[in-house]
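Okay, so here's the structure we're looking at.
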Amino acid sequence: MNFRQEKFVRFQDWKSDKTSSDVEYSGKNEIQTGIFQRTISSISDKFYRSFESSSARIKLFKRSYKSYSFKEAVSKGIGSTHKILDPQGPFLQRWNKIFVLACIIAVSLDPLFFYVPIIDDAKKCLGIDKKMEITASVLRSFTDVFYVLHIIFQFRTGFIAPSSRVFGRGVLVEDKREIAKRYLSSHFIIDILAVLPLPQMVILIIIPHMRGSSSLNTKNMLKFIVFFQYIPRFIRIYPLYKEVTRTSGILTETAWAGAAFNLFLYMLASHVFGAFWYLFSIERETVCWKQACERNNPPCISKLLYCDPETAGGNAFLNESCPIQTPNTTLFDFGIFLDALQSGVVESQDFPQKFFYCFWWGLQNLSSLGQNLKTSTYIWEICFAVFISIAGLVLFSFLIGNMQTYLQSTTTRLEEMRVKRRDAEQWMSHRLLPENLRKRIRRYEQYKWQETRGVDEENLLSNLPKDLRRDIKRHLCLALLMRVPMFEKMDEQLLDALCDRLQPVLYTEESYIVREGDPVDEMLFIMRGKLLTITTNGGRTGFLNSEYLGAGDFCGEELLTWALDPHSSSNLPISTRTVRALMEVEAFALKADDLKFVASQFRRLHSKQLRHTFRYYSQQWKTWAACFIQAAWRRYIKKKLEESLKEEENRLQDALAKEACGSSPSLGATIYASRFAANILRTIRRSGSVRKPRMPERMPPMLLQKPAEPDFNSDD
């Protein structure tokens, strides 16, 4: 309360003093002089105190920035409530790329101001293209918006405290005051100099209010403003480009875009040099006019060289003093700028015409390193030609080097494939492999290239984090695994475990995946192609069973029985079938160790429903079931035939017994005997046509061995 009263009384005292001083000023000059002196002294004291406080703040900022601690960064970062952008975030990375392109476009638009001056050859005066100056100013203002947005983003972009970098990535400073101090002490001045609308002010404000020789000097000022404003703009592009390549690794996503970007930089330099050539051509002609005016008797008025309706005219003597179409180097040597004056581009208001002509001049001389330039003795003209030659050499070598780098990145895989193919051919020739093996090797390499494009998928996936690798494998394999009916009953966790351990494999046509009697080391899930499986029941004579496998089928189920058996030995199971690829096959392989791990870790794999699914889709169980049904059918047919023959024999015996008392067989006995003999012959023919050579009666037919029953019961 006392503080408020004191403050209120002070305000009243100051007000009353001010009122009394006004009265004294109206009556006494001495008091006025004293009050003025006191006012000046108070202002100087305030300025001195403000200067001391600002210098103290700057020193405090330097000390605080150097000693910015980890605890302060954490506390300020947690306490901040405003939106602070992460310099490593995706938004700023995209914005930096956009801003780099905007800076390059802005640099390409600034030379448009050089096309504003034009020459009126009829009046021999210097004029201005009104349409061009408005267009250049509008385009320049549009690109300046990106600079303003970049400045705003810089005040909202955090930074990593230098003292916190020992803690991994470091702590992001989110204090708005510290961010502003850091930006004001680094790139703020450069950004402000780059965004100042100085060319627009010269074109739209200064030049319209000046006439005569002053306007010529103003055009020179425009030239120097645009030229020197190039410095902060170019200085700002390079660190931004380094920042973009440091955070994201690349500026363009594709090699062709990178090559086009470097070509654009070369063409941009051609455009800039062409614009300077246009402006310097006008400068040289105006210099010739001024010298002619000074030599004229009497000397002409220099303001007549400016195209003004009130003063223009009377410059016909310049046609003889500064000849263009029939140049005279004795009077004035235009040097490399004579072509621009003779072509009429400095007089034309057709912007596309003079733009493309000047662009072609810049591109031609950059590419030829300035060898065709015939300069005069004017020193700045020689410097301009030397700069063109050096810039052309540097830019052309830079363009060729970067284009070669970008284009080589597109053919690296092809070159690697050619080298591998050449090495394979040399190795096959050295080992004297037969032609059929060579064809199979070439076919496999070609098919592998078509499927993978030379990318080592396993190595690529192994370098990724586990969760990302699981998601990628799930995206690639899950939809294909669900085509296998056996996996439809499994839950998500088990499918993720299987997807993580599946390995893509490729097989060419007529290649053997596994042979009967070989150990089975992997379970194969077919995704594309067609296979043939054959079994001979252990090499049994006369036994052959074949099946076709396609997309969604699997083979190597013996490995699943081995993996589910907790008491199985380390020896791998033996394959009961031969599997051969009939065409190019793409599949996923599950190795024995991986299947054993999944079976031991996930007890939900043990279920009766999975047992029935396994039996239904297993080729081994299908073959055994078919052989079992065939054997049962043969037993049934044989039993039925025996019963039929026995019945016929009984009828014959009955007929013979009834006629035993007679001397000759009756007609009925004869019919029964002939029918019995016919049935016997028919049976013999049937059995002979079905089985050749005929097996002895004492050897029963061998059945296919029943597959081992997988242990789907969990051991609790």
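Going from the start of the chain as shown, residues are counted 1 onward.
Backbone N, Cα and C define each Cβ position, glycine as well.
Here is what Swiss-Prot says about this protein:
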type	residues	note
TOPO_DOM	1-97	topological domain 'Cytoplasmic'
TRANSMEM	98-118	transmembrane segment
TOPO_DOM	119-132	topological domain 'Extracellular'
TRANSMEM	133-153	transmembrane segment
TOPO_DOM	154-187	topological domain 'Cytoplasmic'
TRANSMEM	188-208	transmembrane segment
TOPO_DOM	209-220	topological domain 'Extracellular'
TRANSMEM	221-241	transmembrane segment
TOPO_DOM	242-259	topological domain 'Cytoplasmic'
TRANSMEM	260-280	transmembrane segment
TOPO_DOM	281-379	topological domain 'Extracellular'
TRANSMEM	380-400	transmembrane segment
TOPO_DOM	401-716	topological domain 'Cytoplasmic'
DOMAIN	622-651	domain 'IQ'
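Between the transmembrane segment (260-280) and the listed ranges 98-118, 133-153, 188-208, 221-241, 380-400, the one holding the most Cβ pairs under 8 Å is 98-118. Proximity of distant same-chain residues to the transmembrane segment (188-208), defined by a Cβ-Cβ separation under 8 Å and at least 6 residues beyond the stretch ends, is recorded for 110, 113, 116, 128, 133, 136-137, 140-141, 144, 147-148, 150-151, 154, 215, 218-219, 221-222, 225-226, 229, 232-233, 235-236. According to DSSP, the secondary structure content of the domain 'IQ' (622-651) in residues is 30 helix, 0 strand, 0 coil.
Restricting the average to the topological domain 'Extracellular' (119-132) gives a pLDDT of 79.
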